[in-house]
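Swiss-Prot has this to say about the protein:
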type: COMPBIAS; residues: 72-96; note: compositional bias 'Basic and acidic residues'
type: COMPBIAS; residues: 102-122; note: compositional bias 'Low complexity'
type: COMPBIAS; residues: 186-203; note: compositional bias 'Low complexity'
type: DOMAIN; residues: 4-38; note: domain 'SAP'
type: MOD_RES; residues: S22; note: phosphoserine
type: MOD_RES; residues: S58; note: phosphoserine
type: MOD_RES; residues: S68; note: phosphoserine
type: REGION; residues: 37-123; note: region 'Disordered'
type: REGION; residues: 177-218; note: region 'Disordered'
Amino acid sequence: MADYSSLTVVQLKDLLTKRNLSVGGLKNELVQRLIKDDEESKGESEVSPQEQNQEQGSEPAAIEEPASQNITEKKEVSSEPKETNEPKEENKDVQKPSDGPSATASENEQAAASTAAPALSPEEIKAKALDLLNKKLHRANKFGQDQADIDSLQRQINRVEKFGVDLNSKLAEELGLVSRKNEPESGNNGKFKNRNKNANNRSRVSKNRRGNRSGYRR
C-alpha cells in the first residue's frame, strides 16, 4: 500500500480527482479516503478461480438460450407464409372470368371500335376537299372545258377556304363524308319524259291517219 501521508495535499487531491473521489477535507481525511479506496479495489480483484470458472461456464448457457429461441422463431416465421399463400390461391379461383354472352359482347364491341374509321377533323376535311377541287380545276383547264364550269370550281374552292365543307352539299357526298341520297327525279327529267310520250303519241296518230287515208283510196 502506498504511503499517502508523505504526499502533499495537492498531490493527494490529484489522486482523488483521478479516482473520481471527493477532494474536500483535511490531509488526514484525504489519506484515509485513498486507503479505503485501495482496500475496496483490492477486495474486488481477489476473486477465487472457481468463482471465475463458474461465471464463465454460466455465460455460454445464457448465450445458447437466445440461439435456440432464434431457431424456433425462424421456424414459426417460415411456417406463416404458407398460411398466407392459401387465400391468394382462393382469390385466383374467384377472379377467373366466366365465359358467357357478356364476354363475347365485349369482344364484339372492341372489334367494332378497332374497325371503325377515325373521324376527320374540320381541317382535314377542308384539305381533302381542296385537293379534290384543285384536281377538278386542273383537269378542266387541261381539257378546255367551259369557262362557266371553271368559274364554278373556283367559287367552290374559295367557299371551302373561307367556310369549310357543308355536309349537306354534293361535295361532301363525293368525299364520302355522308351517304348518297336517293334523289327524286328532277323536274327537267319529268319534262323530257313527257315530251317523249307526246312524241310517241303523235307518231301513232300520224300512222293511224295514213292507214285511214290509204283505205279510202282503195
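Even glycines carry a Cβ here, placed using N, Cα and C.
Using a 10 Å Cβ-Cβ cutoff, S22 (phosphoserine) registers 11 neighbours. In the predicted model, the domain 'SAP' (4-38) shows an average pLDDT of 88.
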